[in-house]
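**Student:** One structure, as structure tokens, below. Some questions next.
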Amino acid sequence: MAAHGGGGVEEDQAGSSSLCPPAAEAEAAAAAAAIARAARPPRPGRDKRLGVRHPLKHRRFRAGGKAAVAAGAREVGEATTVAEATATGPPKGSDEDDEARYICGGWTSDDGRMSCGYSSFRGRRANMEDFYDIKSSKVDDNQINLFGIFDGHGGSHAAEHLKKHLFENLLKHPSFITDTKSAISETYRKTDSDFLDAETNINREDGSTASTAIFVGNHIYVANVGDSRTVMSKAGKAIALSSDHKPNRKDERKRIENAGGVVTWSGTWRVGGVLAMSRAFGNRFLKRFVVAEPEVQEQEIDDDLEFLILASDGLWDVVSNEHAVAFVKAEEGPEAAARKLAEIAFARGSTDNITCIVVKFLHAKMAVDAASSSERS
């Protein structure tokens, strides 16, 4: 990916070209078949972000209902409150293969204003280090819906910590409703600090991205650290709501070098010759340079806003923003769309874990709610 400066977002960070969804049907069919053939024994892999080989670990991902990939969605279908669901298996309404390499499902918000689909696939990697979280709650009578993708590297500890604690911490922040942007930034930093303090093995270098979409009333707050990404479809156009944190981004490189760090080329641009992203949770020995300070974008929900896509780089490395939006539009609903995105990414040769959330806005329900509110007033 080419370097880009500033803190703004790009319309298509993975490149773009026109793609008619019907022309992709053959690719989609091949993708589904490829997913079905993916149940082969795991093998050691390379963590491309750390640039090192690591042994086969976390065999619990082969243990059916106790798989950590399933843990990423326990709230969905089981509980839509801040409280953690007690179920140890996949969520109700989800599908999981016999070795927990692929899980998908759907969810509709309590207020009926949005629905989502999610898909998480270990893919060609030996280990599953992607986690995700979907929560719904009320704070001071405000309906809150939260969606997050956490893509781990060097191990799954950091991503799992975020899945368990990031939204929990945010919902407890005293300024969450009155100053949401500041609350998000402070919560990201606190959760990073808590993880580093809680990790007893100081030699571990686990890290994780975070791409989150937080819905408060009629506003969306998208925050990101790392190279997971959130893209919206607005009036038919793909628009990125986050900007990947890469070491060769002009502003990021300057920040790292001002802090005494270096950015070097080793297969790709890396911080200290090691990490292929410039911001992350964890990464203790690079913490001075690799910060967990999020960039936060605010977006008002209007009738032109059709859906959001949140995904790990297992999708974005091989599917452009525009193509992802086109694939989602071609599907009947968000659950089928999330599944299709994972299938397409795998068929196109993605070598990473692939996790996607598609959030669709149900504007008819929103209009009814607005009319009812107007009549009461």
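A Cβ is built for glycine as well, from the same backbone N, Cα and C atoms used for every other residue.
On a predicted model such as this, the values are computed, not experimentally measured, just so you know.
Okay, these came from Swiss-Prot:
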type    : residues               : note
REGION  : 1-68                   : region 'Disordered'
REGION  : 80-99                  : region 'Disordered'
DOMAIN  : 115-361                : domain 'PPM-type phosphatase'
BINDING : Asp151, Asp313, Asp352 : Mn(2+) 2 binding site
BINDING : Asp151, Gly152         : Mn(2+) 1 binding site
**Student:** Near Asp151 (Mn(2+) 2 binding site), which residues of its chain come within a Cβ-Cβ distance under 8 Å, counting only those 6 or more away in sequence?
**Tutor:** Glu129, Asp130, Ala159, Ser208, Thr209, Gly226, Asp227, Ser228, Ser312, Asp313, Gly314, Asn353, Thr355
**Student:** Quick one: pull the CA-CA distance for Asp352 (Mn(2+) 2 binding site) versus Gly152 (Mn(2+) 1 binding site), whole Å only.
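**Tutor:** A Cα-Cα distance of 11 Å.
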**Student:** Under 8 Å Cβ-Cβ from Gly152 (Mn(2+) 1 binding site), six or more apart in the same chain: what's there?
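**Tutor:** Residues satisfying the criterion: Glu129, Asp130, Phe131, Ala158, Ala159, Glu160, Asp206, Gly207, Ser208.
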**Student:** Let me know how many other Cβ atoms fall within 10 Å of the Cβ of Asp313 (Mn(2+) 2 binding site).
**Tutor:** 28
